[in-house]
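Contents: one structure, followed by commentary.
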Amino acid sequence: MPVTTQQLIQWKQQGRSIVALTAWDYTIAQILDGAGVDLILVGDSMAVMLGYKTTLPITLEEMLHHAKAVCRGVQRALVVVDLPFLTYQESIPQAINSAGRILKETGAQAVKLEGGYPAMVDTINRLVQAGIPVMGHVGLTPQSVHQLGLRQQGKTQETAQRILNEAIALEQAGVFSIVLEHIPADLAMQITQKVNIPTIGIGAGSHCDGQVLVTSDVLGLSERQPPFAKVYTNLRETITKAVQDYAAEVRDRQFPE
């Protein structure tokens, strides 16, 4: 049975951890879905896979293109798509149009927006009223890289309280889940205990209701990984060796036999 947003909330109540990873193409999405991943995020981190230095340049059209491919490969997992930078911050109508296009054109079940400041809370509330499921995202928000950098957030009492307040406000606005990125584990635990919706951690300790990582980091494909990522295999090395072996056989006329 396909995973739903309501099922994620039930899993929090039952104490069942939620498994999430990113995907940007049909093949990886199919593999993740078949392996039992609960939530697949078509993240704007795809920008880095396309050669950009940050997530900012990725466009809505690029996200739509890749989200369609991901959805074609998924039968069970809940698919959530990031709204890219400046496709939802300008106005509520812009956000509704962008999010609506993602749901209508890709087959995804939800969108994710960054930030919990008052204007964003209002935007999310309107999206939810329009029938669009929304996942929130607080802590380190990569679309604010030029304001906040990529350092851990919430280390001071003031910033920790702000992030906690944002998470509570997002729940009240109607999000079905919140990503907690690169914040202290004790703050993530406090938020997880305070809200009734599942928290999905990335660099936020082990007390969240679920975990998400970038799949290229997990598989060892990335040139560099964030400090909180765990590399489970080194596909970059495996692929390099396979290509070198193929090239050697072609040059030596050993392939094809």
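For all residues, glycine too, the Cβ spot is worked out from N, Cα and C.
Between the candidates Lys12, Lys104, Lys112, Lys155, Swiss-Prot assigns the 3-methyl-2-oxobutanoate site shared with Asp44, Ser45, Asp82 to Lys112. Within 8 Å of the centroid of the Cβ atoms of Asp44, Asp82, Glu114, where the record puts Mg(2+), the same chain has further Cβ atoms from Gly43, Ser45, Thr55, Leu83, Pro84, Phe85, Lys112, Leu113, His137, Pro142, Gln143. Nearest neighbour of Asp82 (Mg(2+) binding site) by Cα distance, taken over the recorded positions Ser45, Lys112, Glu181: Lys112. Of the recorded residues, Lys112 (3-methyl-2-oxobutanoate binding site) and Asp44 (Mg(2+) binding site) place their C-alpha atoms 10 Å from one another.
For the pair Glu181 (active site, proton acceptor) and Asp44 (Mg(2+) binding site), the C-alpha distance works out to 14 angstrom. The Cβ of Asp44 (Mg(2+) binding site) lies under 8 Å from the Cβ of Thr55, Ile58, Met63, Asp82, Leu83, Pro84, Phe85, Pro142, Gln143, each on the same chain and at least six residues away in sequence.
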